[in-house]
Amino acid sequence: MGRTLAEKVWDAHIVRQAEGEPDLIYIDLHLVHEVTSPQAFEGLRLAGRQVRRPDLTIATEDHNTPTVDIDKPIADLTSRTQIDTLRKNCEEFGVRLHPLGDVDQGIVHVVGPQLGLTQPGLTVVCGDSHTSTHGAFGALAFGIGTSEVEHVLATQSLSARPFKTMAVNVEGTLKPGTTAKDIILAVIAQIGTGGGQGYVLEYRGEAIRELSMEARMTICNMSIEAGARAGMIAPDETTFDYIHGRPHAPAGKEWDAAVEYWRTLRSDDDAVFDAEVTIDAESLEPFVTWGTNPGQGLPLSGAVPDPEAISDETSRAAAERALEYMDLAPGTRLRDIAVDTVFIGSCTNGRIEDLRAAAEVVRGRRKADGVRVLVVPGSFKVRMQAESEGLDAVFTEFGAEWRHAGCSMCLGMNPDQLAPGERSASTSNRNFEGRQGKGGRTHLVSPLVAAATGVRGTLSSPADLEPSEPVA
Amino acid sequence: MEKFSRHTGVGVPLRYSNVDTDQIIPAVYLKRVTRTGFEDALFAAWRGDDSFVLNQPAFSSGSVLVAGPDFGTGSSREHAVWALKDYGFKVVLSSRFADIFRGNSGKQGLLTGELAQDDIELIWKVLENAPGTEVTVDLEHRQVRCAEVVAPMQVDDYTRWRLMEGLDDIGLTMRHVDMISDFEAARPSHKPRTLS
C-alpha cells in the first residue's frame with residue numbers, strides 16, 4: 001500500500017521505534033522565540049545539558065516586541081526581561097538570534113520561510129502552535145510545549161506518536177474576492193475546532209495547487225484551529241521556485257539532489273487517508289467569524305445564528321455564551337456589525353502578498369471615521385519590501401498606522417491591544433475571549449475583508465465598496 | 001517528576017466546551033521566565049466573576065477539574081499546565097483534549113483522563129448537587145469514582161507508565177543517544193543549517 005506525504009516524512013525521521021512506546025523522531029529545524037523558551041533553557045542549565053545542535057536552531061523575538069519606538073528600551077519591564085532572557089540564553093548556548101532591530105527579525109513563522117530554512121521533507125518544531133505554517137512546504141511542522149522545547153534543545157529529537165492522516169480536498173477554483181483565509185475558515189467551520197484532533201491535514205485539490213506559497217502558508221497556519229497539530233501541502237514547482245535562491249536554500253549540486261528528493265514527497269495514488277473531507281472552492285464567499293472560537297464562522301452574506309436553532313446541546317451552550325461575550329443578537333446581518341479596530345498582520349496574514357492585497361483595496365481611499373487601522377508586517381524584511389513598493393504610503397494616506405514587525409495585536413502581549421468592549425476585524429487566527437486584549441471582541445477575516453471593513457467601518461468585502469467612494 | 005497512581009480530591013465542574021489555553025491563562029501572564037507562581041493567572045478573566053466556579057468556597061480547594069469537551073485548544077503554552085498545577089489541580093477530566101495540551105500535561109505530571117461525555121455529565125450533576133464532593137481518580141485501574149458514579153477512564157499505556165513511574169522524558173531519550181548520533185551521521189547534506 002502507498003504512503004501519504006505525512007507518513008513519508010515521518011518514516012524518514014524515525015530514530016528509534018519500539019513496541020508500545022512512542023517513536024523517537026529526529027528534528028531538522030527548531031525555531032525558538034522568547035515566550036516558550038526561558039523555562040526550557042533554565043531546565044538545561046539546571047541539568048548541566050547543552051544545546052545538542054545549535055546549527056539546527058534559530059531564534060527570533062516576536063511576541064513581546066513593540067511595533068513603535070523600537071529603538072527605545074521596551075517600556076514593559078516583564079516583556080523586556082523576557083527578551084533579555086532570550087538574548088542571554090542564546091549567547092550562553094550558542095543559538096543564532098535575530099533580535100528586535102535586526103534585518104531578519106520578525107514573526108518566527110515568517111522568518112523561517114523567508115530565510116529559506118523551511119524546506120520540503122523537514123521536521124520542524126517550535127514552542128508555538130502556529131508552527132503548522134511550515135507544512136505549506138511539505139514539511140512536517142508542529143507546535144510543542146516548553147518541556148518538549150527543552151527535550152529538542154537537549155536531544156534534537158522528540159518522543160511522539162505518528163499522526164493519523166486526513167485529506168482535505170479543496171476542489172474547483174476560488175472566485176475573485178475569496179482567498180486562502182476563506183478556504184481555511186470554511187474548513188474549520190465544517191470540521192469544527194476538534195475535528196482535526198490527532199490528524200495531520202493534507203490540503204489537496206485544484207484550488208490548493210493554484211495558490212501561491214504565501215497563501216498556502218495561511219492555510220496550513222490555521223490547521224491548529226481545527227485541532228490538527230500539523231497541516232501539509234505536497235511541494236511542487238511553486239514551492240521550489242519560492243525556495244530557490246534564498247539564503248539557506250541548497251545551491252548547485254545540492255539543489256539538484258534536494259529537488260530530486262522533494263519530488264518524491266507526495267501522497268502515493270494508492271495511499272489511504274484515515275479520514276477525508278471535501279470543500280468546494282467555487283462556492284466559497286468571504287468568510288468571517290461571529291463567535292469566540294474559529295469554528296464559529298459564516299459567509300459574510302449571512303447573519304448571526306440563533307442558538308435556539310442549534311440542536312446539539314454543547315454547541316448551543318457555546319453559541320449562547322459566545323453571543324453574550326461578543327454582544328451580538330441573533331439575526332444581525334454580519335455586514336451590519338461595526339468595528340472599532342482593523343488589524344492587518346500576524347503569522348497568518350502578515351506577509352507581503354497580504355499587505356499588497358489589502359493595499360490594493362484601500363489605495364486612494366480614506367478609512368471610516370472612528371476606526372483604528374493597524375498594519376503590522378510579519379517581519380522586518382516584509383516591511384522593507386512593502387516600503388520599496390510604496391505600500392506604506394498607501395496605508396498611511398488611508399489613515400492606517402504603519403508599524404514595525406511582530407505578533408502585535410494577534411495576541412496582545414505587547415501594547416497593541418483592544419480595550420474592553422472594543423471590536424476588531426482581524427486577519428489573525430484566534431477569536432478567543434480576551435485574545436486581543438481583556439474584554440476585546442474579535443472577528444477573523446481575510447486581508448481583503450479587513451481592508452474593506454476599514455473603508456466602511458462595518459464588516460465588508462471589496463465588492464461592497466462603491467467605485468466612486470472618496471479618493472484622496 | 002512525582003509518581004502518580006491514585007488521587008482523591010474535590011471535583012470542580014467546569015461546564016464549558018472549547019476551553020482554550022488563552023482562557024486557562026491569558027497571554028499577558030506569559031511574560032514570566034520562571035516555571036512556578038502562575039496560580040493567580042489561572043482562568044484570570046473568569047476569576048473576577050463572583051459566580052465563577054472557583055470563586056465558590058466549596059470548590060476553591062478543588063484538585064480534580066471536570067471540564068467540557070475540547071479542553072486545552074489553541075496556543076501551545078505549557079503555562080496553562082503550570083497554572084493548573086500551581087493552583088492545585090492534579091487531574092483534568094474531559095471527553096476530549098487538544099493534543100498539545102494533553103502532551104504538555106503528561107510531561108508535567110498533570111493527569112488528563114478521558115471520560116465519555118455521558119459520564120462527565122453524571123459527575124457534573126453530583127458535583128453541582130453536592131458541592132465539595134470528592135472525586136477519586138485511579139490511574140492504576142483507569143477508573144474515576146464520584147459518589148455513585150464509577151466511570152472508566154482512558155489514558156494511553158505509555159503515559160500511564162511514565163506517570164506511575166514518575167519518569168523524566170529527556171533522561172529516557174538520553175539512553176538512546178547513540179541512535180541519535182547514528183541517525184545524524186546519515187542525514188543528507190542538502191538539509192539546511194542555521195549556522196555556517
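Cβ from N, Cα, C; glycine included.
Computed from a predicted structure; not experimentally measured.
Annotation source TrEMBL lists [4Fe-4S] cluster binding site at A:Cys347, A:Cys407, A:Cys410. In this structure, A:Cys410 ([4Fe-4S] cluster binding site) is part of a helix by DSSP.
According to DSSP, the region 'Disordered' (A:418-447) comprises 1 helix, 8 strand, 21 coil. Per TrEMBL, the feature region 'Disordered' maps to A:418-447.
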List of residues, in chain order, with Cβ under 8 A from that of A:Cys407 ([4Fe-4S] cluster binding site) and at least 6 apart: A:Asp62, A:His63, A:Thr65, A:Ile107, A:Ser346, A:Cys347, A:Met413, A:Asn414
Cβ-Cβ distance under 8 Å, sequence separation of 6 or more, same chain as A:Cys410 ([4Fe-4S] cluster binding site); the residues meeting this, in order, are A:Phe343, A:Gly345, A:Ser346, A:Cys347, A:Thr348, A:Ser426, A:Ser428, A:Asn429, A:Arg430, A:Arg435, A:Gln436
Around the Cβ of A:Cys347 ([4Fe-4S] cluster binding site), the count of other Cβ atoms that are within 10 Å: 28
Residues within 8 Å of the A:Cys347, A:Cys407, A:Cys410 Cβ centre (excluding the [4Fe-4S] cluster site residues themselves): A:Asp62, A:His63, A:Ile107, A:His109, A:His130, A:Gly345, A:Ser346, A:Thr348, A:Gly350, A:Gly378, A:Gly406, A:Ser408, A:Leu411, A:Ser428, A:Asn429
